[in-house]
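Notes follow the structure.
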Amino acid sequence: MQFSPVVASPKLLLQLCISTLHCIMASIISTVCYWTAGACKGTTSPVPPVDSNLDQRKVQNAMTPTSVNYHFTRKCNYKCGFCFHTAKTSFVLPLEEAKRGLKLLKESGMEKINFSGGEPFLHEKGEFLGKLVQFCKLDLQLPSVSIVSNGSMIKEKWFQKYGDYLDILAISCDSFDEATNQLIGRTQGRKSHVDNLHKIRNWCQQYKVAFKINSVINTFNMDEDMTEPITQLNPVRWKVFQCLLIDGENAGEEALREAERFVISDQLFQEFLDRHSSISCLVPESNEKMRNSYLILDEYMRFLDCRAGRKDPSKSILDVGVKDAISFSGFDEKMFLKRGGKYVWSKANMKLQW
């Protein structure tokens, strides 16, 4: 018996389809059995390689910039030998652009802004700084606005105009011996840095601004006993830093400072801390605690990543936003909390006792 081509053709096609389906099903079953067998035997299935840097950026992407240090200028009138944020540019953002960036930070969760330099009172004789301080307190309603300064450019009229909007003023003072300050480079002509410190402390008391002192411990002041003068000045906080090297700033071929001769060991730093352990307001910061525990914005509003011992900038928050820029900051939030980075930082909540 013979089948006509017309009748035979659909049957052949059906057989082909069934055969193909059998092959596909066999392949699927084989693959499932392979992975299942591997899992049952405790073997590890192949996984794509993990981009650790990407994972780190995802973690940092979710970070809140609670406390930010904005170094809006690099220019300074002092020449401290260990300075780790030197005058490599003279750039300062226009006021409105700086305000725009600060607003972005507030919208991302910033509670505290610290203005630093360089010397922040140098630009426009402190007016630029004053306007930023006022904007952050009045317009942004930030709980804490603070400044770090060498104190040489501060006038009483600045307190009269902007003191109400400032929570904390930190003055850098590494020694209470004028000869030592000369060696370090924290000096301006014949002016007494220590006398000026006392004057500013009195203005802080008069205009109700919390007074803080920052000291960098180095080879020239590590043996000094500062107990009596610190007790007399009675700051709300005495931040004591171990001298830190940053490549490209105070170390390396492209640096404007050579800070190697100022560096002290961990043991010598600890000995200084032990001698001053009776001072309750002392807040120590070793190199380990300091290096990655600050969110630092440079003059272009770029976050600076210090993990590699240098300052690697992100893109500006003005261009890419806070969320993207902060993912390249290298910020160690755990170390920030460990070093006491979050404290009572609004003068409204402080019991200022003079």
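Placement of Cβ uses the backbone N, Cα and C atoms for every residue, glycine included.
What Swiss-Prot annotates here:
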type    : residues      : note
BINDING : C76, C80, C83 : [4Fe-4S] cluster binding site
DOMAIN  : 62-282        : domain 'Radical SAM core'
Problem - Count of other CB atoms lying within 10 Å of the CB belonging to C80 ([4Fe-4S] cluster binding site) - result: 22
Handout entry: Other CB atoms within 10 A, centred on C83 ([4Fe-4S] cluster binding site)
Key = 25
Handout entry: Across the domain 'Radical SAM core' (62-282), average pLDDT on the 0 to 100 scale
Key = 93
Practice task
Take the Cβ of C76 ([4Fe-4S] cluster binding site) and count every other Cβ within 10 Å, whichever protein chain it belongs to.
Solution key: 18
